[in-house]
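**Q** Below you will find the structure I want to go over with you.
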Amino acid sequence: MSKPFVPTPNISRPATPSSLDYGKDEASSTLLRDMGERGDRERKDREERDKKEAMPSGQDQVLPILSYCAASIMMTVVNKYVVSGANFTMTFLLLAIQSSVCVLAVTTVKKLGFISFRDFDKNDAKAWWPISTLLVAVIYTGSKALQFLSIPVYTIFKNLTIILIAYGEVFMFNGAVSGLTLCSFALMVGSSIIAAWSDITSVWNKEPELDPITGLEITVGPVSTIGGLNAGYIWMALNCFVSAAYVLFMRKRIKVTGFKDWDSMYYNNLLSIPILVVFSLVIEDWGSESLALNFPASNRVLLLSAMAFSGAAAVFISYSTAWCVRITGSTTYSMVGALNKLPVAASGILFFGDPANFGNISAIAVGGVAGVVYAVAKTNQAKVEKARQARAAGGRP
């Protein structure tokens, strides 16, 4: 008779508390090791981020600042050279060439992978069309003003646009104008009066020219004067108002479209081309005689090259501006922009023989001080606004 089945007893040692603790210790050490590695990675990422966000040294800031200043001077000088021809009247054609070159340049740079912006979209174009039209008016009136005014006077009067923009922001965006800002505005107006004083007094003190036969006053004057005053001041006033409208309405439209800097530049130039071409064909004289006067054979190649170069320079200005803001910060950039008006104004004296008299020099100096005071005022205002927002959010200023 067979024996009943009896399971073989387990003669192995049961798990001891020490072996269980060993497994727990191994899991804990793995967890701690993972946490340590993750902490090391986070610390390295934080160090790299802090390194990127740290303000570059003064030596690192020199190149972007010089690039921004050089781009501003170069653009002003080239435009002044192009429009200063004795018989140049085809401003719309000039602007069309500049815009075409600019679009070609940014498209090429985009394909090379250096920048990125939106592809063309009909809805975006429809929304941005009024802004491009305003830009055409800004550039055209600015070119006409630069045609009749010296670079120092043009640069100084351009400051008046800041006043119009500031008060436009008060009405459209609930902005505010501080006392220091008002001081800068007073200096801007004063510098403009100093710059234009010689022309103003010449109009007041000018004796009427009489016809030797009839003895009557001769009222026919050169095309460059309106009411005896340099026509450039009329164009400059129009430019200031249109420039302020362009900046204010573009700010509102950017909120709708969500455009970035390169998007704005691309659409501005692309949409302005058909407007400029139509105005050039309708208004400007395309006859052979007019073309010969506007583009004389003696410097035709140089003139056309300067037009194309100025279009490409617009891309350089946009890049150098973004580079300067990124490296130096908005405060330093605003100060550089204020002080940069001095070499831009001085370029007219150096390259175009504008008189270096007491009126011009003092106007440039007062305008430079006005720009610095305005930059300081805007910086202080930004700090106050940031502190106010921090208090509203419940944080510490």
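Quick reminder: no glycine exception, Cβ is built from N, Cα and C everywhere.
Positions annotated as topological domain 'Cytoplasmic' by Swiss-Prot: 1-61, 109-124, 169-174, 250-272, 322-332, 377-397. Residues annotated as transmembrane segment in Swiss-Prot: 62-82, 88-108, 125-142, 146-168, 175-197, 229-249, 273-293, 301-321, 333-353, 356-376. What Swiss-Prot records for 83-87, 198-228, 294-300 is topological domain 'Lumenal'. For Asn87, the entry in Swiss-Prot reads N-linked glycosylation site, with the evidence type sequence analysis.
Could you give the neighbours, burial and distances for every feature on this list?
**A** If you look at the topological domain 'Lumenal' (83-87), the same-chain residues 6 or more away from its ends with a CB under 8 A from one of its CBs are 94, 143-144, 146-147, 293-294, 296, 303, 352.
DSSP assigns Asn87 (N-linked glycosylation site) to coil in the three-state reduction, outside any helix or strand.
Residues of the same chain lying 6 or more positions beyond the ends of the transmembrane segment (88-108) and with a Cβ under 8 Å from any Cβ of it are 82, 115, 117, 136, 139-140, 143-144, 147, 262, 265-266, 269-270, 272-273, 276-277, 279-280, 283-285, 290, 293-294, 304, 307-308, 310-312, 314-315.
When Cβ-Cβ distances below 8 Å are used as the criterion, the topological domain 'Cytoplasmic' (109-124) is approached by residues 257, 259-260, 262-263, 265-267, 270, 315, 319 of the same chain, each at least six residues removed from its ends.
Long-range contacts of the transmembrane segment (125-142) within the same chain: residues 91-92, 95, 235-236, 238-239, 242-243, 245-246, 249-250, 253, 256-257, 259, 264, 267-268, 270-272, 275-276, 279, each at least 6 residues beyond the stretch ends and with a Cβ under 8 Å from a Cβ of the stretch.
Within its own chain, the transmembrane segment (146-168) is flanked in space by residues 76-77, 79-80, 83-84, 88, 91, 175, 177, 181, 185, 188-189, 191-192, 195-196, 224, 230-233, 235-236, 239-241, 243-245, 247-248, 341, 344-349, 352, 354-355, 360, 363-364, 367, 370-371, 374, which lie at least six positions past its ends and keep a Cβ under 8 Å from the stretch.
Same-chain residues lying 6+ beyond the ends of the topological domain 'Cytoplasmic' (169-174) with a Cβ under 8 Å from its Cβ atoms: 248, 251-252.
Below 8 angstroms of C-beta separation, residues 130-131, 134-135, 137-138, 141-142, 144-149, 153-154, 157-158, 160-161, 164-165, 168-169, 172, 196, 199-200, 203, 223 of the same chain, each at least six residues beyond the ends of the transmembrane segment (229-249), sit close to that stretch.
Remark: secondary structure over the topological domain 'Cytoplasmic' (250-272) totals 20 helix, 0 strand, 3 coil, with classes taken from DSSP.
Outside the transmembrane segment (273-293), and at least 6 residues removed from its termini, the chain residues within Cβ reach (under 8 Å) are 87, 89-93, 95-96, 99-100, 103, 132-133, 136.
Secondary structure by DSSP for the topological domain 'Lumenal' (294-300): 2 helix, 0 strand, 5 coil.
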**Q** Over the topological domain 'Cytoplasmic' (109-124), work out the mean pLDDT and round it to an integer.
**A** 89
**Q** Output, ordered by sequence, the same-chain residues six or more apart from Asn87 (N-linked glycosylation site) with a CB under 8 Å from its CB, or 'none'.
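**A** Leu293, Asn294, Pro296 - these are the non-local Cβ neighbours of Asn87 (N-linked glycosylation site), listed in sequence order.
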**Q** Across the topological domain 'Cytoplasmic' (377-397), what are the DSSP residue counts per state (helix, strand, coil)?
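**A** Breakdown, helix to coil: 16 helix, 0 strand, 5 coil.
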